[in-house]
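Single-structure report; data block below.
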Amino acid sequence: MDSSDLDKGLTIDDIVVKCIQSFDKDGKLSDPEFVQMFLMMHPWYIPSGDLAKKLSALSESGDNVERERICQLVRFWISEFPAEFDLNPELGEQIRDLKRALENKGNRRESNLIDIESVPSYGWKRQVTQRGPSGGRVRKTSLLFDHLDPAELAEHLTHLEFHSFSKILFQDYHSFVLHGCTVGNPVLERFIALFNGVSQWIQLMVLSKHTPQQRAAVIKQFVQVAEKLLQLQNFNTLMSVVGGLSHSSISRLKDTQSHISPETTKVFDSLLELLTSSDNYARYRRRFATCEGFHFPALGVHLKDLMALHVALPDWADKAKTIINISKMRQVYKVVHELTEAQRLEPPVKANPDLLNLLTVSLDQYRSEEEIYQLSLQREPRARTTQTNAKSPPSPSPPLEEWASLKAKPDQALLCQHIEKMVESVFRLFDEDGDGHISQEEFQSVRSNFPYLCAFNEIDQNHDGKISKQEMTSYFQRASSVLDCKMGFIHNFAERTFLRPVSCQHCGNLILGIYKKGLKCRACGITCHKHCKDHLSIECKKRSKSVSERGESMEKGRHFSFTLPRSFRRSTLYPDLREEEPQLEEDGVFDDRL
């Protein structure tokens, strides 16, 4: 079969026959690339179970030579894609039936070629938790993000993201391309959430500092992290870090910019140029093509390639959908094969399990774009213009590009598991006297890991001057469930007259009386006694009043924003962005605590 026949397209039956005939009597392949391509890509056109049935039928009707070639093909299929046989029980059972049928007919030589029982378990590829054995006691500063060596932080981020990347299978890419979202695709959904989590965490770590000098120091540290990521050839996390540093919530901080050195600016500009989307990410593609050894692709770029191919080229070469478009199959295979080959490489880093637990919890604490931007405004308020009545349009995130709509909230059960592990790690590393409690002095070290952690006495529920494991776990779980893993607002309380019984959200007792005996938040509507106000642990979640340009109510869809840098020129670390006019809000002031 020459190349012209392939260009015209082939039916599935023709391709199956071609794959079988690619094996000689000694089991050697004449066209291994084509066979591997079809075995990887076949779920795009036919379920794996149906392919197994076709092979069984051909084995039943064929002669001894053809049966042996079929068994060689099945053997090659299992060796190249073992996870498919473990994670698809129906497929595994059909191959066992084929093996038993061969044995029953006395074809033991052919039957022995099929060894499905040796396939290891790949259940870990469908799990979205970050698991690891507990390590020994390490130096305390290894868990302090303010003092953590940038190279060490880059290595741990690489370990965390690559572990998530290694779980992605062909079926995940296929589902994403077909549906344009991650519905029913938790592994890819988790990976994208982690990508966005790194970007948001960087913004929050910068904004957690109260002075421009401190924020500039954090930015410098993350630029150094980005440099190390480039050395590791980890382009995916590099893109997330660069996206976080170039987000509008950071780029608008002009006072902070003035404290960033020209050297740091130059390094950051070079990273932005590398990841620019100009000429379809040409600079990134050239750099990635020269990589040797471990390399972690910027998955967002390659997913865009898959989406573009799927939209531009048809799956089938005929209207009846019987002839496969081989040209499209080859191009899609090239993209996916490059990703799967990268998954086979182990990152040259060693990770501390305790630090991974802390990072996992930190990256899972979701905030909205609006909340982060409001915190940015709190750090450096807008400069008022002379035109007080006119409002400038909101500034977009300059180097970020919204390109995928996917979305999900963090899994509360998994988050609770991470919280429990994190608390164990904190006590093992920061409970210096080993008394099972965190003192106020030890708490200051813990707080360096969580800049939005509330005050000591709010976690110390029994007010005995020390925090137990139960109290810390309870706090994080309460914050996770009540606040939905989001930062809140300070309540804007006003005295109210209640004409019917209302419960206090702190103590649970009724607020009695008609002469302004209670308080009610103007923003979220929560109620409490006056004397309970300062003890209220529930933060304000402002009720949405957002409407579209058409005046319709806008509900947040279920989507992730997997963001990639755009093409743009820069002479400084951040562009000169035009600020919006301040909006008068009487509902509340943004609070930067968890």
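Any Cβ shown, glycine's included, is placed from N, Cα and C.
Swiss-Prot lists region 'Disordered' at one of the ranges 111-132, 463-484, 573-594, namely 573-594. Distance noted between the C-alpha atoms of D435 (Ca(2+) 1 binding site) and K466 (Ca(2+) 2 binding site) is 10 Å. In this structure, the C-alpha atom of E471 (Ca(2+) 2 binding site) lies 15 angstrom from that of E442 (Ca(2+) 1 binding site). The Ca(2+) 1 site, placed at the center of the C-beta atoms of D431, D433, D435, H437, E442, has further neighbours from the same chain whose C-beta lies within 8 angstroms: F427, F430, E432, G434, G436, I438, S439, K466. It is 11 Å from the Cα atom of D464 (Ca(2+) 2 binding site) to that of H437 (Ca(2+) 1 binding site). Each residue contributes its Cα atom, and for D433 (Ca(2+) 1 binding site) and K466 (Ca(2+) 2 binding site) these two points are 13 Å apart. Listed in sequence order, the residues H437, I459, Q461, H463, G465, I467, S468 complete the 8 Å Cβ shell around the Ca(2+) 2 site centroid, once D460, N462, D464, K466, E471 themselves are left out. Recorded residues K466 (Ca(2+) 2 binding site) and H437 (Ca(2+) 1 binding site) have their alpha carbons 6 Å apart, per Cα-Cα distance.
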